[in-house]
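Visitor: In case it's useful when we look at the structure, here is the feature table from TrEMBL:
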type    : residues                                        : note
BINDING : B:Asp64, B:Thr105, B:His155, B:Tyr159, B:Ser230 : FMN binding site
DOMAIN  : B:34-399                                        : domain 'Luciferase-like'
Amino acid sequence: MPRPALRLAVEIDGDGAHPAAWRRAAHSPGELLSPRRLARVAAVAENAGFTLVTLEDSILPPGSGDGSGPVGRIGSVERAAFVAASTSVLGVAPVLATTYAEPFHVSSQLASLDHVSAGRAGWVVGVEEDPRAARAWGRPVVEGADALARETHDGLRVVRDLWDSWEDDAVIRSVATSRYLDRSRLHAIDFAGETYSVKGPSIVPRPPQGRPVVLARRGLVPAGLADVALVGGATPALVRETAASSGAPLAFAEIEVALDTPRETARERTADLERYAPWGERPDRLRYSGPADGLVSLLAELAGHVDGVRLHPLVLDEDLAVLSRLVLPGLFARRLAARPLPGTTLRTSLGLPRPLSRFTTDGAAVPAPEEIR
Amino acid sequence: MTRADRDDVPRPDARLHFGVFFQGVNHWTIWSDPASGSQIDPASFLRVARTAERGLFDAFFLGDGLRLRESGGGIHELDVAGRPDSITQLSALAAATGRIGLVSTSNTTFNEPGDLARRLAGLDLLSDGRAGWNVVTTHNAWTGENFRRGGYLDHADRYRRAEEFLAAARAVWDGWADGAVAESAAARSWSVPGAVGRVRSRGAHVDVDLAPTLPRSAQGHPVIFQAGDSGEGRDFAARHADVIFSAHGTDFDDALAFAEDVRRRLRAAGRAEDALRILPGTEIVIGATEKEAEEKARWVRHEQVTPAVALGIASRLWGIDLSDRDADGPLPTEDPVAVRDTGTFGTRWVEDPWPVVAEWRARAEANGWSLRETVIELGPQHGHVGTPAGLAEKFARFARHGAVDGFNITPYLIPDGLDDIVDLLVPELQERDVYRTAYTGTTLREHLELPPVA
């Protein structure tokens, strides 16, 4: 069965995927942290036809720590909310980790992002692996794969349950009984994990999408808890392989892209930046470098095997323009990819159903997915 | 008012500062009226913020509560509830407004300074210097049940943690020297060597070590608001805050006494008297005539204090469950019971119920009031009722005598409740030269006429 058209996401953090991308940015270095620059990038992404932008984040400064690249970054949720209010159909997905953050706050922030965006919020589940983050948060360090996985899974469960803790129709405005709320439609989540517990319910009414779309690196969270698995591999064959066992309803391929511009080839542009810092290859990402039509062909090749792609442009100010003029129009013209429709939620754009609250009922709670298996 | 009249007052050139408080809890917000809009739809927030901006308000203010209120053995159902995370909502408003300040109420007990300072700094940059932070503290274990931190803080420690927290936040905001980012892409590195510092803050409650990720905003730091009314809270404000948000703005003498107390504390803390703005919370009901205003106010009170709300307020005052009584009947004959404040219903309205109950009984008997009427007349309330001209005269007096610097106004209806104030009251204030006719600055600090951050 042919898959529906590809959905396109783009990472818009910083000046691009290359650590020295700021050298080729179309603005002065400090302008990176201005609202005007953020709104401009979001407008280009929306107009181009991307379904979703993602926003990388950490409490630690971006970059390798050698201080040569940008060390400034506005928090992902603040940027996402600002982008949501500056756009009308674009999905927005900040990276947030529950390694040290309070899951209660993370849940409220994402639910609120879904409200301010009228149902366009996503969440890229992150992990704070660097022990320096513990000092920055002022919390005991979480070390080792098992502990990191536990904090990620527990946080995700708490966040999801808090989203579900208000049934959709909890606000009743019953003048006859003087009640604004029906407390029987609000639920304590009573989460009790190994290291902490959370009572609930949320302080934010249920998000418009029920649950914002959860994106997570393949294998990071238990099957059934993410909506979109971010998959990758150094070759298209590896991408296909990982997509086939993604453990989530949808799989998006991670692709780094460097494109030829009217003045310079991708190779020349990359070489220019390599004078300052290396662009290290990542085993979990495909990398494409070359002319726009070659990227169209690559995406056409992947279209039967993944549901979407997340692009990581070498330099946002340069590659986003080429994507917008030469790549996305080609994909849309051939119906290999689709734009989000006005007035639709991110879930609808992705073909994902709107989940009922797991507490919804006429009595009995719906079991959590992991309990079903 | 002529020039000569003005010379008789201590602050002849005072200008009022208005904020709007989109409250999202409490019975002040009428939800039963057909004109009452959504409490969560972004359009409601935008409508209120834009109306306030049209009225040249200083600030749009959001509250915070980290657990849903409870009454009668379960979640409190009678009032509006369900609010967005304030910094998230305000970051969206930063994109959709141009001048108005954006103030987030954020809790120092259940946040971490490195994270919260960064979020506030981000809002401050995204709004070009319009962010404010209303610093609140909590100690109750009941709220702590929603957090991995848990209910770990003693009552006595909550302001100590807040002080350490605020000091750490300020260090984060000052972490970058001015001009810390390279001028051009040809520079050796993105940041100027040595211009980006580290923050190491170690105390009894806060222990962090981090590299701040943001420069100072156009206003230096977010503006600090403080709302505690206790002696401790007032002292905290006198030492640290730029704005104090009080409940002393209805009666002139009470407002002046509060303002003088705060100024005394400011002097004791070694700060200038004009370093702090005093903005009491208030509700304003406007009518074309005094009679019309009174009638409207009566309608507002009846919508706010439904029979069930009256019984709820009386139950909390008496310390016993009165929900099965008749609100239209007489006051309960039982004596009030002193109950421990569990914090499950926000800040307690009265500490000692005995004198209040005694006064209610006396007044109810003298006037023949039912329980509901008594709550309407004597229950917790705050507000001004009058004609635009009458209110403008009254507020000019408050300002020129130094009783207030302005008001933080809670609309009784969302999202249209501010319209009368902006369309009818503001012009009258402008005519009396006690309200700005245009924004003269771009940042919240400038709107509030606060000194720049050192």
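The backbone N, Cα and C atoms fix where each Cβ goes, and this holds for glycine too.
TrEMBL entries are annotated by machine, without manual review.
The model shown is predicted, which means the values in this text are computed figures rather than measured ones.
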Visitor: Around the C-beta of B:Ser230 (FMN binding site), how many further C-beta atoms are within 10 angstroms, looking at every protein chain?
Guide: 11
Visitor: Is it possible to get the count of other C-beta atoms within 10 angstroms of the C-beta of B:Tyr159 (FMN binding site)?
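Guide: There are 20 of them.
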Visitor: If you draw a 10 Å sphere on the Cβ of B:Asp64 (FMN binding site), how many other Cβ atoms land inside?
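Guide: There are 20 such Cβ atoms around B:Asp64 (FMN binding site).
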Visitor: Could you check the binding-site residues B:Thr105, B:His155 and say which one's CB has the most other CB atoms within 10 Å?
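Guide: Comparing the binding-site residues B:Thr105, B:His155, the most crowded Cβ belongs to B:Thr105.
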Visitor: On the 0 to 100 pLDDT scale, where does the domain 'Luciferase-like' (B:34-399) sit on average?
Guide: 94
Visitor: Give me the largest Cα to Cα distance among B:Asp64, B:Thr105, B:His155, B:Tyr159, B:Ser230, the residues the record lists as binding FMN, in Å as a whole number.
Guide: 20
